[in-house]
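Taking it in order: structure first as structure tokens, then the write-up.
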Amino acid sequence: MKLRGLYAITDSQLLAGKFLKYVEAALEGGVTLLQYRDKSDDQARRLREAETLLALCERYKTRLIINDDAELAARIGAGVHLGQTDGPLTPARALLGRQAIIGATCHSQLPLAEQAAKEGASYVAFGRFFNSTTKPGAPAASLELLDQARASLHLPICVIGGITLDNAAPLVNHGADLLAVVHGLFGAESAEEVTRRARAFNALFNS
């Protein structure tokens, strides 16, 4: 599977009361990867929601990624995204197998991405590129970093942080393979608008 296009990331607070409706609306518009991001300690609910999302993703031929929880990912047969504080990538690869998608947060540091690539990452994520409500304190990344990463890395590059339809095009033009979007996708007034935004993000890769 080619990892290129929209990478939708859920936010339990933003999607309160409309979680599945908006997620399915995004999938309708086209999502390459869907990340389930929930930082709560309610393990039973997280398992239930992850299994529901997995079934939705299978229907739309999308791959599900679990944020920061390799054990949950292994339990349901999903991929995982690991932050820099979540430990080395190698144990997750051993747990999930060779075919699983494993992503790694690399902030704005190319050496972190090069290390993740050596450890078997499926993709690396840089950001934040713009002001972000999800990660307000994250170090800023630049288009120059993206150019350097594109020249030295031979795996998909994901970009994250305040990405909207108004600012995403330069990121794609500088080599981003995956646009990771939270509020720029799900902060819409209606499910129909979520679908429209998803289609518009994907169109940036074909222009």
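Glycine is treated like the rest: Cβ placed from N, Cα and C.
Features reported for this protein in Swiss-Prot:
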{"type": "BINDING", "residues": "Q35, Y36, R37, D38, K39, N67, T105, K135", "note": "4-amino-2-methyl-5-(diphosphooxymethyl)pyrimidine binding site"}
{"type": "BINDING", "residues": "D68, D86", "note": "Mg(2+) binding site"}
Cα-to-Cα gap, K39 (4-amino-2-methyl-5-(diphosphooxymethyl)pyrimidine binding site) vs D68 (Mg(2+) binding site), nearest whole Å: 9
Binding-site residues (R37, K39), the one with most neighbouring Cβ atoms at 10 Å: R37
Binding-site residues: Q35, N67, T105 - member with fewest neighbouring CB atoms within 10 Å: N67
Residue, out of the binding-site residues D38, D68, D86, whose Cβ gathers the largest set of other Cβ atoms within 10 Å: D38
Between T105 (4-amino-2-methyl-5-(diphosphooxymethyl)pyrimidine binding site) and D68 (Mg(2+) binding site), the C-alpha gap once rounded to whole angstrom: 10
Distance, D86 (Mg(2+) binding site) to Q35 (4-amino-2-methyl-5-(diphosphooxymethyl)pyrimidine binding site) (CA atoms, angstrom): 16
